[in-house]
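Have a look at the structure below before the remarks.
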Amino acid sequence: MDDQGCPRCKTTKYRNPSLKLMVNVCGHTLCESCVDLLFVRGAGNCPECGTPLRKSNFRVQLFEDPTVDKEVEIRKKVLKIYNKREEDFPSLREYNDFLEEVEEIVFNLTNNVDLENTKKKMEIYQKENKDVIQKNKLKLTREQEELEEALEVERQEHEQRRLFIQKEEELQQALKRKNKQAFLDELESSDLPVALLLAQHKDRSTQLEMQLEKPRSMKPVTFSTGIKMGQQISLAPIQKLEEALYEYQPLQIETCGPQVPEQELLGRLGYLNHVRAASPQDLAGGYTSSLACHRALQDAFSGLFWQPR
């Protein structure tokens with residue numbers, strides 16, 4: 001925290017935790033007091049790099065590294081021009097090349113690399129694709145409106161559910177108070193024994209609790225994320241698919257070498273004569289001499305017939 005501070009007045013967040021740092025398009029930070037002092041006329045030059053700046057373009061620094069704030073702002077401006085989508089390209093390769101070009105432009109503008117040619121390239125692209133840029137802007141605006149409408153519907157439905165739950169709770173409290181008052185009235189006016197009245201009141205209270213605890217079905221609501229909330233989950237078994245039985249196909253391995261004998265034939269062919277016999281402890285763990293010998297033969301025979309082309 002003590003590393004974050006205003007380069008002009010040298011005030012740090014360690015000394016002043018409420019310090020508000022501002023950043024502009026050049027990526028250099030200034031505290032709010034220095035911004036008000038240096039840009040009292042609405043415009044001025046950055047004390048670090050001398051770039052002409054407007055006071056209205058200053059914004060609160062969100063990231064610890066001001067370069068990240070600069071990159072975020074540059075990316076927003078670049079994407080307003082380079083706003084093509086995947087469906088605007090005939091192939092995925094061309095779309096990926098377009099995305100790579102966008103990243104290169106953002107990198108150059110963020111790190112001050114070849115600024116003149118990069119800005120000229122953006123101007124040429126903007127002129128050549130003016131119609132496509134405008135069409136995608138309108139498309140994006142429509143999608144934002146649809147998203148805002150979905151969020152508003154979600155908010156209204158959430159408010160309706162909240163009011164519904166609140167009314168249910170108030171109704172439950174009213175029924176409980178009514179039941180309690182009825183019990184008190186019976187105690188005053190009835191000639192029945194208190195134990196019997198108490199048992200009847202307990203039974204009525206239990207039935208009332210069971211009625212109140214019954215789950216109420218709620219209408220499924222589709223949120224802006226596309227997830228339906230409140231819907232009942234079906235526990236019915238999945239329908240069995242009638243398919244042909246799996247048929248095992250032996251694995252065909254091309255070793256470019258002689259055929260390795262089967263494991264069962266290694267002892268007859270003399271391959272196990274000089275292989276250490278497996279101990280009882282080895283056998284308990286699943287180890288056999290023929291298994292190790294078979295693996296060694298596979299490694300030894302592999303690639304013996306290979307010839308370079």
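Easy rule for this one: first residue shown is 1, then count along the chain.
Using N, Cα and C of the backbone, Cβ positions are placed for all residues, glycine too.
If you look up Swiss-Prot, you'll see 142-161 marked as domain 'UIM'.
Annotation source Swiss-Prot lists N-acetylmethionine at Met1, citing similarity to another entry.
Sequence-distant neighbours of Thr51 (phosphothreonine) (same chain, 6+ residues apart, CB-CB distance under 8 A): Asn24, Val25, Cys26, Asn45. A coil conformation is recorded for Thr51 (phosphothreonine) in the three-state DSSP classification, outside any helix or strand. What Swiss-Prot lists as phosphothreonine is Thr51, and the listing cites similarity to another entry.
Annotated phosphoserine per Swiss-Prot: Ser279, in sequence order. Neighbour list (Ser279 (phosphoserine), Cβ cut-off 8 Å, at least 6 residues apart, same chain): empty.
As annotated by Swiss-Prot, zinc finger applies to 6-50, with the evidence given as sequence analysis.
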